[in-house]
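Trainee: Pulled from TrEMBL, these are the listed features:
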- 39-58: transmembrane segment (TRANSMEM)
- 78-96: transmembrane segment (TRANSMEM)
- 108-125: transmembrane segment (TRANSMEM)
- 137-158: transmembrane segment (TRANSMEM)
- 165-184: transmembrane segment (TRANSMEM)
- 196-216: transmembrane segment (TRANSMEM)
- 228-247: transmembrane segment (TRANSMEM)
- 259-279: transmembrane segment (TRANSMEM)
- 291-312: transmembrane segment (TRANSMEM)
- 318-340: transmembrane segment (TRANSMEM)
Amino acid sequence: MKQNSSNQEPWTKEILEQGIIKLDFSNLLPYCRILTAEMLISVALGQVLSLLICGIGLTSKYLSEDFHANTPVFQSFLNYILLFLVYTTTLAVRQGEENLLAILRRRWWKYMILGLIDLEANYLVVKAYQYTTLTSIQLLDCFVIPVVILLSWFFLLIRYKAVHFIGIVVCILGMGCMAGADVLVGRHQGAGENKLVGDLLVLGGATLYGISNVWEEYIIRTLSRVEFLGMIGLFGAFFSGIQLAIMEHKELLKVPWDWQIGLLYVGFSACMFGLYSFMPVVIKKTSATSVNLSLLTADLYSLFCGLFLFHYKFSGLYLLSFFTILIGLVLYSSTSTYIAQDPRVYKQFRNPSGPVVDLPTTAQVEPSVTYTSLGQETEEEPHVRVA
């Protein structure tokens, strides 16, 4: 074999030197990068969010079941207070147009609506656990995905390719597999006392989540992450404080306070604060749709922890579900989405390091902003104002 190989070397070398066969792998390099580093980063960032949601779910479970502390509004209130202390105060000390008072003068009513939507989305889904089954909540909570897709399509003008829809379907199939495994192993399904009411609460919460996520993506791409979190902290704390005083003050008085309960509230608040602080970073790098697909694995992380903490029964379908969702995420992240038209449809596109630029209206302008599932930004964008 070695002799044959050596006999072929001059012939192969001659062919390559004469240009009969040209091997050029340079065009494959961008695809190699997409299929390795960028794609893995995109999937990994979403899994960090899922792990934070897992921590939120575990601490909430201990509070409600072991200590009978049913205080979802109070728990949200603690998170909004943390956001207020960190991000709202940051806006308060800024100068110019990014100052808190300047933002409130221009957009206070928009953030007031967004803060209310964000609060009630959390409340409706938590409240649904009292009426419907866990399986119903897991399946119906997927309704947030078509909501985000439709809102992104019409308001953010994001367009998807066939592979994106294939990835989405695969992810939802993975969720269906998990729900089926819950039924087969007889996992605790919840109260189910008034299933229709509970299902409607989940659908309502999922719809509000979708609205909040797409609005969040718009803000962090056109304004800033700190402004979004600062305004959410301000109005979220305001509305949750009112709702807490009206609806949950009696439940709060019944809580048997001790160091264990205090530690659980601290753990919940830390996970929730981390989720709110990190999610805008992931959304800006990927998209609201990609983030919501990644969050489908959160229930599986909670289940895997429950195998050791709560002695849940195991089924091989859970692993199948987990890897099915990951395959769907890889498919979705394997190619970029794109924007339908010129980015001037976004008003007040903010570039902190660049001046205000008037784009020409006579020449045909190619879209310079592309929303991608991988967050590939090739250039800094000018600050564009549309009258």
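Heads up, the Cβ atoms here are built off N, Cα and C, so glycines get one too.
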Trainee: State the non-local partners of the transmembrane segment (165-184) in its own chain: residues 6+ outside its ends, Cβ under 8 Å from one of its Cβ atoms.
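Mentor: Long-range Cβ neighbours of the transmembrane segment (165-184): 134-135, 138-139, 142, 145, 149, 289, 293, 296, 299-300, 303, 315, 317-318, 320-325, 327-334.
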Trainee: Between the transmembrane segment (39-58) and the transmembrane segment (291-312), are there three or more CB pairs that fall under 8 A, provided the residues in each pair are separated by 6 or more in sequence?
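Mentor: Yes, the stretches contact each other.
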Trainee: Between the transmembrane segment (78-96) and the transmembrane segment (228-247), are there at least three Cβ pairs closer than 8 Å, leaving out pairs fewer than 6 positions apart?
Mentor: yes
Trainee: Looking only at the recorded stretches 39-58, 108-125, 137-158, 196-216, which one has the largest tally of CB-CB distances under 8 Å to the transmembrane segment (318-340)?
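Mentor: Of the candidates 39-58, 108-125, 137-158, 196-216, 39-58 scores highest.
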Trainee: Counting only residues 6+ away from its ends, which parts of the chain sit with a Cβ under 8 Å from the transmembrane segment (259-279)?
Mentor: 48-49, 52-53, 55-56, 59-60, 62-63, 67, 69, 75-76, 78-79, 82-83, 86, 216, 229, 232, 291
Trainee: Before we move on, state whether the transmembrane segment (228-247) and the transmembrane segment (108-125) share at least 3 Cβ pairs under 8 Å, counting only pairs 6 or more apart in sequence.
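Mentor: The transmembrane segment (108-125) and the transmembrane segment (228-247): touching, yes.
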Trainee: Against which stretches of its own chain does the transmembrane segment (39-58) lie, if we need a Cβ under 8 Å and a gap of at least six residues from its ends?
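Mentor: That would be 267-268, 270-272, 274-275, 278-279, 281-282, 285-286, 290-291, 293-299, 301-302, 305, 309, 326, 329-330, 333-334, 373-375.
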Trainee: Quick test of the contact rule: Cβ under 8 Å, at least six residues beyond the ends. What residues does that give for the transmembrane segment (196-216)?
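Mentor: For the transmembrane segment (196-216), the far contacts come to 114, 117-118, 120-125, 127-133, 136-137, 140-145, 147-148, 151-152, 155-156, 228, 279-280, 283, 288, 291-292.
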